[in-house]
Structures are given as structure tokens and as C-alpha cells.
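As annotated by TrEMBL, ATP binding site applies to 52, 53, 54, 55, 56, 57, 58, 59, 156, 185, 207. Summarising the annotation, TrEMBL assigns Mg(2+) binding site to 58, 161. Per TrEMBL, the feature deamido-NAD(+) binding site maps to 136, 169, 176, 267, 268. What TrEMBL lists as domain 'NAD/GMP synthase' is 31-272.
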Ligand SMILES: Nc1ncnc2c1ncn2[C@@H]1O[C@H](COP(=O)(O)OP(=O)(O)OC[C@H]2O[C@@H]([n+]3cccc(C(=O)O)c3)[C@H](O)[C@@H]2O)[C@@H](O)[C@H]1O
Ligand SMILES: Nc1ncnc2c1ncn2[C@@H]1O[C@H](COP(=O)(O)OP(=O)(O)OP(=O)(O)O)[C@@H](O)[C@H]1O
Ligand SMILES: [Mg+2]
């Protein structure tokens, strides 16, 4: 299979598995996602879309593809910094909006979150609980704008996040669709480079930005190249645990960790259950 000429869009030098798409597959993915967004907006009878812009690669790629689908006027970007967010990353988000020529707003969410924290001050000391408040506050604002402007809310979840449950229930996953939801993280980086996302944004370290210094890799205990590979071969691909360890040359613990994340987050991927009638 022919590969993109920019081999360095993989972060690690020696990933367990090369999941990059050929140039033809990249173009197909791009066209498929662009039509998906255009059709969804059309079918919903809406005027366009709303998207939270974080400066990260998932929202930046989704914004690029949405502008291709809907035009500049079709996308309203909202950057929503909290006090834990790195100002440089927030200015990356504004740069993305500016370069794409879309309407965008910057809404400081700290005061909104503080009013929630005040209701349960002890809960606010739990950084995960507090971080999830930032994430869910952004969902409230996205839908506020979507309702008022007759737009849909674009999600930015990818396959690795969806399968490992690496998202806040009813937070960043509270969206109307996930255009890049079938791409592993390696492929997100690769498609981003392909559609012209600036290199510094493609190569940055993924972070949920829920507390200072948080990174996806540190929290999951695995880098995305490893997560992608184990998902593709074992969870999605059905190869046995032992064969996966041999095939990818990864420790058994890494496979077990990914399986644990997938199993533990099953409740996030289904409708809330009710007892049988
Ligand atoms: N078995 C079960 N059946 C039904 N519901 C169950 C459940 N277990 C927990 N729950 C519910 O789920 C809640 C826990 O889930 P949740 O509130 O999501 O919280 P939780 O999964 O603990 O935390 C969110 C995770 O996603 C990561 N994240 C969040 C946002 C963005 C990104 C990013 O990549 O940008 C990453 C974040 O760093 C953290 O690791 C529990 O409080 C409970 O209400
Ligand atoms: N400060 C923020 N302002 C607006 N939206 C945000 C902010 N932080 C997160 N989001 C939204 O939540 C989504 C999920 O965050 P996530 O960190 O998974 O993606 P990302 O920041 O786009 O990519 P990366 O994996 O490189 O960090 C973002 O894509 C974005 O839509
Ligand atoms: Mg991020």
C-alpha cells in the first residue's frame, strides 16, 4: 500500500502497528466525512454547525472538514477556556478559527464552573469531578448556541477515545454526531496533516485539559500508538490476547489495560438501561 510522503506524522519512531492510510484512502475518508457532515446538517434542516475549539488535533481536524462541508458561514466555533487551560493552547484554538475564517467566540467558563463548585465545595476538591464540570459546561454552551441558531453540535470523538471511554459521559460526548469517530488516533493525525492543519498542531501532545499538566497518555498509562494497535488487532480485529502480544510485541499488561478500559466504559456507549417490562 502506498503511504503518505510525510512519514513523520506518527509520533513514535517505532509504533507497534502502522495504521496509516494510503493517499487514496485518505482522500476517500476526507470525502466521506465531508459528505457525512453536509448530509447531516441538511437532513436536520439546520443552518449549520457549532463546534468547541480547543486547539487540539481532534477539534482542529473536525473544524477543517466542517468548513469544507458547510462553508465558512456554516460553522460557529466556540473556545471555552477555564483557569486550568494553557493560554498558548487557547490561542492556538483562536488561530484555527481565524485561519478558517469562521465566526467564533471566546467564552471564559471559570465563573460558570465556580457557581457549580459553590453548590458542593467538597466535590470541587476532586479534580476529576471538577474537570468533568468544565467539560459538561461546554456542552451546555454548545447546545445553547445550537438551539438559538438552528445548528447541530459537532463532536470530535475518534475511535480510540470512543472504545476506551476516554471522554466525559454527557460532556464532550454530548453531541449530535462524531464525524471522525471511525478514525484511530494515528489516522486523525495523518488526515489532519493531509488537509493542511499546521504541523505544530498535528504533533502536539493530546490533553483533555481538565487539570493542569494532564495528558491522555499519562492518564491511560499507554500512548495512543499502542492503544490504537491493540484496539485494531485485538478488540476490533478479534486476534487472541496471546497472538496480539506476539504480533505487536507489546506487554500482556498493555493488552489487559486496553481491554479493561473498553469493558469498564461499556455503559458510556449505550443508552441508559431500564428494567424489562
Ligand atoms: N457501570 C455503570 N453503569 C452506568 N453508569 C455508570 C457505570 N459506572 C459509572 N457510571 C457513571 O459514569 C460516571 C463516570 O463517568 P464520567 O462522568 O464520564 O467520568 P470518568 O469516566 O470517571 O472520567 C472521565 C474520563 O474521560 C477523560 N476525558 C474527559 C473529557 C475529555 C477527554 C479528552 O480526551 O478530551 C477525556 C477524563 O480525563 C477521564 O479519564 C459515574 O459517576 C456514574 O455516574
Ligand atoms: N477549552 C476548550 N474550549 C472549547 N472546546 C473544548 C475545550 N476543551 C475541549 N473542548 C472540546 O472537547 C473536545 C474533546 O477534547 P479532546 O481533548 O479529546 O480533543 P482535542 O482537544 O480536539 O484533541 P487532543 O486530543 O489533541 O487534545 C475537543 O475536541 C473540543 O471540541
Ligand atoms: Mg484536547
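Backbone N, Cα and C atoms are what each Cβ position is placed from, and that goes for glycine too.
Each of these features: where is it, how hidden is it, and who are its neighbours?
The DSSP secondary structure for residue 207 (ATP binding site) is coil. Taking all protein chains in view, 21 other C-beta atoms sit within 10 angstroms of the C-beta of residue 207 (ATP binding site).
Other C-beta atoms found within 10 angstroms of the C-beta of residue 161 (Mg(2+) binding site) number 27, with every protein chain shown included.
On its own chain, residue 169 (deamido-NAD(+) binding site) has 267, 268 as residues at least 6 apart in sequence with a Cβ closer than 8 Å to its own Cβ. In the three-state DSSP scheme, residue 169 (deamido-NAD(+) binding site) is classed as coil.
Summed and averaged per residue, pLDDT over the domain 'NAD/GMP synthase' (31-272) gives 97.
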Of the binding-site residues listed here (52, 136, 176, 207), which is spatially closest to residue 161 (Mg(2+) binding site) when Cα positions are compared?
207
Counting only residues 6+ away in sequence within the same chain, which have a CB under 8 Å from the CB of residue 58 (ATP binding site)?
156, 157, 158, 161, 180, 188, 206
What's the longest C-alpha separation between any two of 52, 53, 54, 55, 56, 57, 58, 59, 156, 185, 207, the listed ATP-binding residues, in angstrom?
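Taking every pair among 52, 53, 54, 55, 56, 57, 58, 59, 156, 185, 207, the longest Cα gap is 19 Å.
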Would you mind sorting out which binding-site residues among 56, 267, 268 put a C-beta under 6 angstroms from ligand 2?
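Once distances to ligand 2 are taken from each Cβ, 56 fall under 6 Å.
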